[in-house]
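**Q** One structure, pasted below without further comment.
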Amino acid sequence: EEPFVMVSENVLGKPKKYQGFSIDVLDALSNYLGFNYEIYVAPDHKYGSPQEDGTWNGLVGELVFKRADIGISALTITPDRENVVDFTTRYMDYSVGVLLRRAEKTVDMFACLAPFDLSLWACIAGTVLLVGLLVYLLNWLNPPRLQMGSMTSTTLYNSMWFVYGSFVQQGGEVPYTTLATRMMMGAWWLFALIVISSYTANLAAFLTITRIESSIQSLQDLSKQTDIPYGTVLDSAVYEHVRMKGMNPFERDSMYSQMWRMINRSNGSENNVLESQAGIQKVKFGNYAFVWDAAVLEYVAINDPDCSFYTIGNTVADRGYGIALQHGSPYRDVFSQRILELQQNGDMDILKHKWWPKNGQCDLYSSVDTKQKGGALDIKSFAGVFCILAAGIVLSCFIAMLETWWNKRKGSRVPSKEDDKEIDLEHLHRRVNSLCTDDDSPHKQFSTSSIDLTPLDIDTLPTRQALEQISDFRNTHITTTTFIPEQIQTLSRTLSAKAASGFAFGNVPEHRTGPFRHRAPNGGFFRSPIKTMSSIPYQPTPSLGLNLGNDPDRGTSI
């Protein structure tokens with residue numbers, strides 16, 4: 001039984017060598033008392049229990065039949081055994097323990113959501129919607145003034161989006177100036193700060209520590225549950241101890257009575273094993289709890305390379321381990337005295353620390369693996385974050401396809417009345433500008449020979465309705481005959497340069513220049529941006545008596 005007695009070397013043709021805590025105690029006794037010993041293993045590999053015919057098997061049976069002088073192992077002192085053999089004083093306390101397997105680390109793809117439970121996430125989502133709706137209502141009741149340069153409108157969509165952006169610490173300044181909205185957003189920012197801080201602090205613990213806590217932390221917890229079967233070594237001291245306690249009528253509803261019902265299933269063959277190593281392997285590779293000596297189980301848990309075990313047990317030591325001798329052996333008192341001396345001078349504690357180190361590689365009592373308490377985060381820890389991002393990408397692509405399909409089905413957007421007016425004005429502007437522009441320049445200069453203006457008798461001009469018919473003058477020369485009907489052309493009077501000498505305004509130059517003006521789309525007039533200077537020949541008529549003056553800025557309007 002490790003670590004009490006173990007085979008250190010097993011070379012063919014040579015005697016076996018043993019080591020362990022009990023062997024160290026036996027060596028200390030032999031060195032002090034000066035005796036030699038030879039070790040052999042009991043044929044049935046049992047500690048010893050009474051049979052139906054009154055005989056004993058195992059190690060105790062070897063002493064009863066006087067085939068051995070000393071029996072040493074993880075042998076507990078019991079009243080039944082003391083009736084047939086002698087025991088020294090206990091050299092180590094005994095208690096019952098349970099060996100369990102640590103739960104394997106499970107991969108949680110959505111560990112990023114673990115800091116908050118589902119109900120809290122639902123409350124946060126509902127709060128975002130509620131605050132967004134309240135912001136919209138406050139802006140609707142009291143329309144805000146947008147900040148300079150802000151294009152944000154007070155729609156429900158924008159309110160929801162702004163509240164969500166501020167919750168995840170994104171977005172800019174509040175685009176609204178109403179006091180109620182600012183008070184609302186101030187309270188919301190404080191709420192978001194506390195929630196985000198709590199989430200960040202708790203997320204660090206969830207991502208770095210595997211929180212796998214077992215519900216079994218004591219023998220009472222083990223006896224109350226039925227999900228994990230448990231047992232012990234058949235016909236061992238633990239088996240007999242639980243049987244005696246469980247069958248006691250005064251402890252019918254006690255912890256031991258519940259444990260006995262589990263251990264005694266199918267007459268003990270269902271949940272019990274024949275040796276301790278079989279029970280340890282059953283725990284490691286199956287759903288099983290092994291009830292056995294706490295000292296043995298602690299040694300197994302400390303030295304397991306995978307740290308896959310942890311132990312629970314009863315801290316009360318109601319019995320202990322002792323060295324068994326033949327009934328009436330003269331060595332009992334001598335051995336007992338030397339054991340007490342080893343305990344008194346501290347040598348026994350040194351031997352214990354050799355086999356049960358306090359700072360072992362594994363934690364005895366924690367259901368969480370110490371190797372999993374820290375370390376770098378792997379991709380599995382952030383799998384949920386990538387899944388959320390992928391879901392957002394897929395959803396956005398799906399919505400984009402729906403929008404494209406809807407736009408194609410709906411067709412082109414019908415222009416509004418305002419757009420129609422804008423288009424008509426632009427069209428009219430282009431039509432009117434075509435009177436004085438070509439494809440190469442914004443304002444075309446009229447040639448001298450293209451315009452021949454003759455002063456007309458104003459009273460003889462036709463009405464506006466008679467002049468409504470206007471042709472397209474693009475890429476053509478404009479003359480006065482274009483605007484005046486043929487019957488009116490006969491009324492024009494062409495004056496020669498000689499007749500101009502008697503004009504009231506004296507010498508008039510032959511050519512006058514000035515900027516052109518044309519009609520704007522809104523019905524008014526605006527001066528051409530380019531001071532287009534062109535020569536306009538005309539012949540003054542003295543009989544009209546017009547005093548045009550010498551204003552060089554006067555021009556002809558079209």
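Cβ coordinates are placed from backbone N, Cα and C, and glycine is handled just like the others.
Copying in the features that TrEMBL gives for the protein in this structure:
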BINDING   Thr76, Arg81, Asp293  L-glutamate binding site
DISULFID  Cys307-Cys362  disulfide bond
DOMAIN    1-358  domain 'Ionotropic glutamate receptor C-terminal'
DOMAIN    3-65  domain 'Ionotropic glutamate receptor L-glutamate and glycine-binding'
SITE      Ile216  site 'Crucial to convey clamshell closure to channel opening'
TRANSMEM  118-138  transmembrane segment
TRANSMEM  187-209  transmembrane segment
TRANSMEM  382-406  transmembrane segment
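For the listed features, I'd like the structural context: burial, neighbours, distances.
**A** Sequence-distant contacts (6 or more apart, same chain, Cβ under 8 Å) of Asp293 (L-glutamate binding site) comprise Glu1, Ala74, Thr76, Tyr94, Ser95, Val96, Gly97, Val238.
Residue environment of Cys307 (disulfide bond) contains 19 other Cβ atoms, counted within 10 Å of its Cβ in all protein chains. The DSSP secondary structure for Cys307 (disulfide bond) is coil.
The Cβ of Ile216 (site 'Crucial to convey clamshell closure to channel opening') lies under 8 Å from the Cβ of Val98, Leu100, Leu222, Gln225, Ile228, Ala289, Ile312, each of which sits 6+ residues away along the same chain.
With a cut-off of 8 Å between Cβ atoms, the residues of this chain six or more beyond the transmembrane segment (118-138) that come close are 154-156, 159-164, 167, 178, 180-181, 184-185, 188, 191, 195.
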**Q** How long is the line from the C-alpha of Cys362 (disulfide bond) to the C-alpha of Arg81 (L-glutamate binding site), rounded to the nearest angstrom?
**A** 35
**Q** So the record assigns Thr76, Arg81, Asp293 to L-glutamate. If I measure every Cα pair among those residues, what is the longest distance in angstrom, as a whole number?
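**A** Across Thr76, Arg81, Asp293, the two farthest Cα atoms sit 17 Å apart.
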**Q** Do you know offhand how many angstrom separate Arg81 (L-glutamate binding site) and Cys307 (disulfide bond) by C-alpha?
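**A** If we compare the Cα positions of Arg81 (L-glutamate binding site) and Cys307 (disulfide bond), the gap is 36 Å.
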**Q** So, in DSSP terms, is Arg81 (L-glutamate binding site) helix, strand, or coil?
**A** helix
**Q** In the three-state scheme derived from DSSP, which category covers Ile216 (site 'Crucial to convey clamshell closure to channel opening')?
**A** coil
